[in-house]
Amino acid sequence: MKYSDLRDFISQLEKIGQLKRITQPISTHLTMTEISDRTLRAKGPALLFENAVSESGEPYNMPVLTNLFGTPDRVALAMGQKDVGALRDVGKLLAMLKEPEPPKGFRDALGKIPVYKQVLNMPVKVIKKPLCQQIVLSGDDVDLTKMPIQSCWPGDVAPLITWGLTVTRGPHKERQNLGIYRQQVLSKNKVIMRWLSHRGGALDFQEFKKENPGEKYPVSVALGADPATILGAVTPVPDTLSEYAFAGLLRGAKTEVAKSISNDLEVPATAEIILEGYLDPEEMAPEGPYGDHTGYYNEVDNFPVMTVTHITMRKDAIYHSTYTGRPPDEPAILGVALNEVFVPILQKQFPEIQDFYLPPEGCSYRLAVVTIKKQYAGHAKRVMMGVWSFLRQFMYTKFVIVCDDDINARDWEDVIWAMTTRMDPSRDTVLIENTPIDYLDFASPVSGLGSKMGMDATNKWPGETNREWGEPIEMTQEIKNQVDELWDELDIL
């Protein structure tokens, strides 16, 4: 299903009982987080707080939307799919775009016509009078303190913008980059842009500084874009494909964009709110601490400051927000859904992979379980190295467990049985030191640098062991069938 904007998606969620309107006055200071967290853990609906107030009780006159992607099925719905399993089709499309193959013949070419039709929706459509610019604020009228920006946890240093889609462009790039980076509010017109050095926005900024020393770097931030555009910003799209183009594929219609008022960056035309401004390469500020998706408060570190020169918005704008904390939180739920997108991408490069699972309790990316159809001695170690190196999304994965295809990667009882019966700790553990690690990972000895562990929990082949390998116990199919026929009659359970 196509959603023209965030409001269209909200209407659909309300029709199917997946949106709850909260009319009571609710404070954006901590209370909204607690309500959202309890709702998410109960697998409840998206929440629209229609009467958001400040800590002192002052009304904001702007509703707040939280838990939009609070269940995997809502993520699938936002991607135009009926359920999470159908997201494998999205992954297959991305795998094809990442490494396209020519048709093997006329019949194969006919089979790929639907894909080619989808590709026609990739170019953006520029709108001259966009909804996102119905209201324009500049100069002294720019005041972020009038927006219902959440303070999520007791130890958070300041209100935090969490769902902003930051739009950047490198000096030698035609395509724009969309990334979601949290932004600490410093004052009425300044926020801190917290992006890690390997992320697209940070790389664009570094290239700009080299080419234009001392100059201000233009940035725009969209809040409340349509669901396809939001998810395009968090999906592992190929580097050659823009997030706007991928959003068009998801939506089945071209992404509508508009030129920012103060710069040449294109923003989602139907977004609820746009922040426009610049980064001064000389202006940095300490960011944090904030409660993060790890379940801990992160360290304070310096990041560039964005000066907001303009705020544009729709009439009766909705502020889209979230919180991050110990899983499950909204990023963890997104991770569960996007896991299905990753599987076909990995399988295209490594056909032996049967399943791939990132447990949400592992902070969505720090531990991976892979099952393979093992073909030779040492095969598991090759797969470990492949996972760490193939997609940048797995650069920070600390632990990779590889099992045979008789193990259910998503069942801890199965995985632990394989680890305890098929692993020798010395022989089957791979340790790699001094590798890139998420700087939020305070368990690493050095910020941003730590070790990785691979665990080979597969059955061992000749060359990997000198011992006779155990044969798993299993009942014959004939006896299973006999008991199946008797089972109801026995009335045991």
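Here the Cβ of each residue, glycine as well, is placed from N, Cα and C on the backbone.
Under the heading Mn(2+) binding site, Swiss-Prot lists Asn177, Glu243, citing sequence analysis as support. The Cβ of Glu243 (Mn(2+) binding site) has 25 other Cβ atoms within 10 Å, all protein chains considered. DSSP gives Glu243 (Mn(2+) binding site) a helix state.
The DSSP secondary structure for Arg194 (prenylated FMN binding site) is coil. On its own chain, Arg194 (prenylated FMN binding site) has Tyr181, Arg182, Gln183, Gln184, Glu287, Gly288, Phe303 as residues at least 6 apart in sequence with a Cβ closer than 8 Å to its own Cβ. Positions annotated as prenylated FMN binding site by Swiss-Prot: Ile180, Tyr181, Arg182, Arg194, Trp195, Leu196, Arg199, Gly200.
DSSP gives Asp292 (active site, proton donor) a coil state; it is part of no helix or strand. What Swiss-Prot records for Asp292 is active site, proton donor, and it gives sequence analysis as the kind of evidence.
Using Cα positions, the member of the recorded positions Trp195, Arg199, Gly200, Asp292 nearest to Glu243 (Mn(2+) binding site) is identified as Gly200. Cβ atoms within 8 Å of the centroid of the Cβ atoms of Ile180, Tyr181, Arg182, Arg194, Trp195, Leu196, Arg199, Gly200 (the prenylated FMN site) belong to the same-chain residues Thr166, Gly179, Met193, Gly201, Ala202, site residues excluded. Taking a C-beta cut-off of under 8 Å and a sequence gap of six or more, Ile180 (prenylated FMN binding site) has these contacts in its own chain: Trp163, Gly164, Leu165, Thr166, Ala233, Val234.
Cβ neighbour count within 10 Å across all protein chains ranks Arg182 highest among the binding-site residues Arg182, Arg199. There are 20 other Cβ atoms within 10 Å of the Cβ belonging to Asn177 (Mn(2+) binding site). Annotation for Asp292 (active site, proton donor): same-chain Cβ neighbours under 8 Å, separated by at least 6 residues, are Asn298, Thr324, Gly325, Leu440.
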